[in-house]
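Notes follow once the structure below has been shown.
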Amino acid sequence: MSVLGEYERHCDSINSDFGSESGGGGDSGPGPSAVPGPRAGGGAAEQEELHYIPIRVLGRGAFGEATLYRRTEDDSLVVWKEVDLTRLSEKERRDALNEIVILALLQHDNIIAYYNHFMDNTTLLIELEYCNGGNLYDKILRQKDKLFEEEMVVWYLFQIVSAVSCIHKAGILHRDIKTLNIFLTKANLIKLGDYGLAKKLNSEYSMAETLVGTPYYMSPELCQGVKYNFKSDIWAVGCVIFELLTLKRTFDATNPLNLCVKIVQGIRAMEVDSSQYSLELIQLVHACLDQDPEQRPAADALLDLPLLRTRRREMEEKVTLLNAPTKRPRSSTVTEAPIAVVTSRTSEVYVWGGGKSTPQKLDVIKSGCSARQVCAGNTHFAVVTVEKELYTWVNMQGGTKLHGQLGHGDKASYRQPKHVEKLQGKAIHQVSCGDDFTVCVTDEGQLYAFGSDYYGCMGVDKVSGPEVLEPMQLNFFLSNPVEQVSCGDNHVVVLTRNKEVYSWGCGEYGRLGLDSEEDYYTPQRVDVPKALIIVAVQCGCDGTFLLTQSGKVLACGLNEFNKLGLNQCMSGIINHEAYHEVPYTTSFTLAKQLSFYKIRTIAPGKTHTAAIDERGRLLTFGCNKCGQLGVGNYKKRLGINLLGGPLGGKQVIRVSCGDEFTIAATDDNHIFAWGNGGNGRLAMTPTERPHGSDICTSWPRPIFGSLHHVPDLSCRGWHTILIVEKVLNSKTIRSNSSGLSIGTVVQSSSPGGGIGGGGGGGGGGGGEEEDSQQESETPDPSGGFRGTMEADRGMEGLISPTEAVGNSCGASSSCPGWLRKELENAEFIPMPDSPAPLSAAFSQSEKDTLPYEELQGLKVASEVPPEPQRAAGAWPPRLDPAVPCVGKALTSAACACSALQVEVDRLQALVLKCLEEQQKLQQENLQMFTQLQKLNKKLEGGQQVGMHSRGTQTAKEEMEMDPKPDLDSESWCLLGTDSCRPSL
C-alpha cells in the first residue's frame, strides 16, 4: 500500500467510532479529518437508514447478549452482539474493539461475516452473520456416540482449514479455535467466528507470547509459556478434527494443571478408530497434533494434501453455492456511518373462513417463532417462519381423508401448526400448497415434495407410490437450483435461478404450457421466448401465469370467465365491436389487455384474477357473479377493471383471491375484503344484498379493526391466512454521529467523570470527552427506547455572529455548553481572499495527524525558507535529471535521482490534496456560520414568544387572586384553577 493510501486510511480511522482508540495523542487539536460528520453541514441527512426488527434473544453472557434481528431491506437474518461497555475492563474493551477490526479485514465464505457496528449510549452493537445451525460443539453432542461418516469429516475439515488459511494469509492468529466458536448453517456450511482474542502478526515468523485461549485446545508451547505463532492455530484445528473423529475431547483432565501436563506429554484421551476412518485422515490429524510446532503443516499445506486436493474444486464450488442465498455486500466505506432504526413489532398469524367468520389467531406462530410466508391449500395450511422452518396443519371441516400433504410421516389430522421434523436442518425459503400435496424450496434451491402423487405432482414418475408421507427431494434440480415454486390444484410450476421454467402434473386445458393436454410425471422445460426474462410464476386452479421483468403477463390453461385475461375486444370498420373469446390455450400466450400496465404481482383465484401494477393500482378480471371484482356491482365484465372507489388513491401491496372473494392490503395498513361473504370468507357479515343463500358485497370494505401491516397473504377455496404486524415502538441509533471511542463512552458513563482505563486519547482530546458527558441520551419515560441526542436536547441559547467569528464565548453569553466546548477546542482557520496563501495555512495540528513518513517529509520541507513569489502549484522545485550525480553515485549502476524525484512528486500531490481538504473545511465553516445566524433569528422569535407567555401567566395569577364576581364556582372551575378540585 502507498504512503498516501496509509494516510487516507489513517484519516478514516479518526472519523470512525473508535478512532481515538488507535489514533494519536490526545493533546493535538482536531485536524480536518477529525471533524464529526453530522455536525459539519448536516451530513446526517445523507446517512443510509437500515431497518431492523428484533426476533428473539439467542443467548446471554456476563457482559451482554446476542439477539436475532430481521433486516427489512433484504429480509435477511442477522445477529447483534450487544456488549455493555460499562461492565468491561480495559482489556475486555480492547478485545471488543479488536474483534471489529479483525472481522472488518476478513472476507471468506467460511468466516462469520461482519456487516456493521453501532453505539447505543454505552452499548456496543456488532452486526454479524447469523448461522441457523448452531455450533459444532452441539452438533457433536447430538451424535450421541454415533460416529460421523468420513465424507462429512472431510467436508468439515476442508472448510475449517480454508477459513484458517484465510486468516493466516491476513497475518492474523485466531488463538481461540474450538468447537464452540465454529458455527454451522442448516446446510452444514462452516463459519469460523469469535475473534475477540485474535492477534495480528507482522509476518509468518512473528511470535506471540500472551497466554490466551481455551485450555482444552491450548498447544504445548502455550502451556509451557513460550512464544508461539500460526502453528498454534493448527494444533487447535487438530484438536477439533480429533473431536469429530472420536466425539470426545482430545485431551481431558480433572484440573487445568493436569490438563497441561497431558498436552505437553501428548497423552490423548483416546485414539481414532482406524477401522472407521482412513489412514490418510488419521495421519493428517496426528500431523496437526505434533509436539514440535515446526513439524506441524501450515494451513495451505493441509489444503495441498491429496485427501483435500483431489476434491478441493468440488468442495469450493459447493461452499460458494451454499453461501450464495445469504451472502450480502458490506458497506462500501467505513465513513458511510449508516443509521440503525430498530422497530419492535408484534407479528401474528390469523386464519378465517370455512364457517368461521371471526379471525382466529394462531398462538403457536408468534414472538420468536414469527412467520415470514404463509400459504393456503384446499385442505391444509403451511407457514414458513423467520428462522426458515416449515409448519403445516389441516384446515378442512369434516372427515376428509388426508394423503400425506402435511409431511409428518402419517395421515393424522393435525389441527394446530406442527413443525415438519423431517425437514430439520433444511432452511426453507418458500412453500406452496396444492389440493392435496405440498412443495417447498430451500435456501440452496433444492425442491422437496410430499402428499398425493395421483397426478404425478411429486415429479418422480410415480416411483414412490400414490402417496408420499414425508418430504422427498427432487434430484432433478440438484444441479439447477430453484428460485420459486407455485402449485395449482393438480400441477406444479417452478422458476429456476437460471430463469428457466419447468412444469409437471395434470395437463388438462394446457395448464402446463407444454402445447398439449398430456399429464407429465417429471419436470418438463417450458419453451419461453429468449427475449423475455421471467421473474415470477403463479398457478391458478387450472391455469398458469408467467410474469416478465418488463411487467408483461403470459398465461395458459382454462380461460373461463376471461380469468386469464386472454379475451380481446376489437372494433370493426362498421362501428360495431367484436369480442373474441379464448376458451383455453395450451401454450403461454401474451395477455394483451394487461399490456397497458406494468404488472408486479398477479393472484389467480378459482373464477377471477387480481393484479397489482408498478404504481400500486389494483386490477381485476374474470367472473363478477358475487361482486368479487370489486367494481360496485354484480354485472358481467368483459375486460380489465381498474379499481377506484374505496381503493382510489391507495397503494395496494398485497392481494389474494379465493373461490368467489378477494382480500387486499394497502400501504396505509388497511385490509379490504369483497365478494362472496358466505361461510366467513370475508371475516365479517356484510348486509349489502343477499345473493342466494350467501351474503355478498361488491365494494371493497375495510375489515380487521385497527391498522395492521400485512407482510404476506394467501387465499384458497373459502379459506384465508395472513400475517399481520403492528409497531410497538421504535428507536434510532445514530452510532457514528457521536464519534466516541470505547474508552470515551465508558468514561462518560462513570459517576465521577474520572479517567477510565484504556480509551481516552486520540482525535478529539479531552474536550471531546467532556462533550460526550453532556450529550448523553435523554431517557424515555416509556422504558427501553430512547430518542437521539440532537432531537431531545433543547437549545439554551445561541452565540452571536461576532462571537462565532472570534471563537470566544464570554461568561454572559447564552452559548450552550456543547457548542462552547466545540468552539473552544476547534482550530482557527483563516478566511483568505484568494487561494494563494493556502499553503501557509497548513497547520501544525494537521501535520501531527499524518503517518510518520509524511510527517518527516513535511518537517524537512518546512526547514527550507519559502519564496513569497512562488505559487503553491510550483512547490517543490523539480530536480534536473541532466545534472550529474557526484560522489559514490557516479560508480553506481542506477542513479537515485529518479527515485527521489518520484518521492518529491508524491509529497507534492499529498500537500495539494491537504490544501484541497482545507478549502472544503473553509466552505463548511461558512455554511456553519450561516446556520448560526439563522438559528439566532429563530431564537429571538422564541424569546418574544417567551415574554408573551410570561405576561399571560402573570395575568392568570392575578385572576386567581381576584376572581370575577359575575362567575359562579362551576364556571370558574372551567378556567383551570385548583380552587374547585376536591382535596385528596
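Cβ atoms here come from the backbone N, Cα and C positions, even for glycine.
The model shown is predicted, which means the values in this text are computed figures rather than measured ones.
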Residue from S22, S331, S782 to which Swiss-Prot assigns phosphoserine: S331
Least surrounded among the modified residues, given as S76, S949, when other CB atoms within 10 Å are counted: S949
DSSP three-state assignment (helix, strand or coil) for S949 (phosphoserine): helix
Separation of alpha carbons, S76 (phosphoserine) and D176 (active site, proton acceptor) (Å): 28
Cβ neighbour count within 10 Å of D176 (active site, proton acceptor): 19
S76 (phosphoserine) and S949 (phosphoserine), Cα-Cα, nearest whole angstrom: 52
In three-state DSSP terms, the structure that S76 (phosphoserine) belongs to: strand
